[in-house]
Amino acid sequence: MTILDLPHAAVSPPIVTPFDADGDVDADALASHVDALVEAGLDGMVPCGTTGEFASLDDDERRTVTETVVDAADGRVPVIAGAADTTVSGVLDRLRAAADVGADAGLVTLPYYHNSTTPAGQRAFLDAVADGAPLPVFLYDIPSTVGEAIEPDVLAAVAEHESVVGLKDTSGDVSAIDAAVDRTPDDFTVFQGVDDLLYPSASLGVDGGIHALSQVIPEVFVALGEAIREGDDDRALTLHRHAVAPLFARCADHGFAPATKVAAAHRGFVPDPRVRPPLTLPDEPAREAIRADVDAALDVA
């Protein structure tokens with residue numbers, strides 16, 4: 001079991017943030033989406049992540065999003081709230097806001113924009129966050145957007161801090177996640193963050209995944225988690241190869257937050273795929289291809 005009492009091969013979505021026709025956060029649509037995903041069998045909720053367009057939300061909106069997700073989850077599943085910022089004080093403010101509205105844990109990246117941080121600088125930043133954190137912290141390694149990866153030695157050291165309970169690894173580097181599992185304590189939770197690497201990473205000992213497409217095809221990811229837990233490799237490989245991987249490849253070609261919203265709207269999970277600038281939606285041929293791949297994935301499940 002993980003720190004949040006999640007089952008092995010647990011899957012949670014970094015949930016999208018719906019916007020209404022005026023461009024404001026659509027809290028009602030968000031709450032409805034959360035409820036549907038909990039009922040579908042997903043294991044947790046992750047608001048204000050990359051797919052949730054956290055970088056396009058102000059602090060009040062982030063609080064609203066997190067509170068809406070916590071209230072809609074209603075204790076049925078844990079909530080890990082995104083709290084990324086470029087300053088220690090900013091991260092701690094966001095962790096406190098998440099704790100105030102009832103989140104179970106926070107998700108913290110390295111400070112983005114800075115691209116010349118030394119391992120000592122990484123360690124100093126993460127230690128300062130851990131020392132002041134009001135709730136458990138999951139590290140979030142996403143070098144494609146932050147600009148650098150968490151150094152393995154830094155991860156191993158920071159993982160010993162009592163406030164740091166896990167990692168979401170979205171590096172796409174299987175050797176990095178192998179090292180993360182190998183070099184952290186047994187009770188340290190490691191989540192795969194790349195959708196089409198959940199099954200390939202299962203043999204390395206990951207505890208589960210935080211996957212955007214689980215909010216689009218929850219049936220597939222619930223079945224995949226069950227297959228991994230039960231050791232049904234044939235079923236897991238089929239779901240991975242013929243449902244998850246093709247849809248992931250399609251969405252990755254068109255910007256993940258916009259593509260995920262297109263796919264979620266196709267399923268009726270959100271009313272509209274609106275995104276905020278600088279993000280833009282795929283053109284109509286691309287949207288149609290995404291919808292077709294969603295339908296094909298559901299046929300596999």
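Backbone N, Cα and C define each Cβ position, glycine as well.
Record features (TrEMBL):
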- Tyr140: active site, proton donor/acceptor (ACT_SITE)
- Lys168: active site, schiff-base intermediate with substrate (ACT_SITE)
- Thr51, Ile210: pyruvate binding site (BINDING)
Spatial neighbours, same chain, of Ile210 (pyruvate binding site) - Cβ under 8 Å, 6+ residues apart: Val11, Ser12, Pro13, Pro14, Gly44, Val46, Gly49, Ile80, Lys168, Phe191, Gln192, Gly193
Candidates Thr51, Tyr140, Lys168: member of the recorded positions with the richest Cβ shell (10 Å): Tyr140
Whole-number Å value for how far Thr51 (pyruvate binding site) lies from Tyr140 (active site, proton donor/acceptor) (Cα to Cα): 13
Where Thr51 (pyruvate binding site) sits in the secondary structure, as DSSP reduces it to three classes: coil
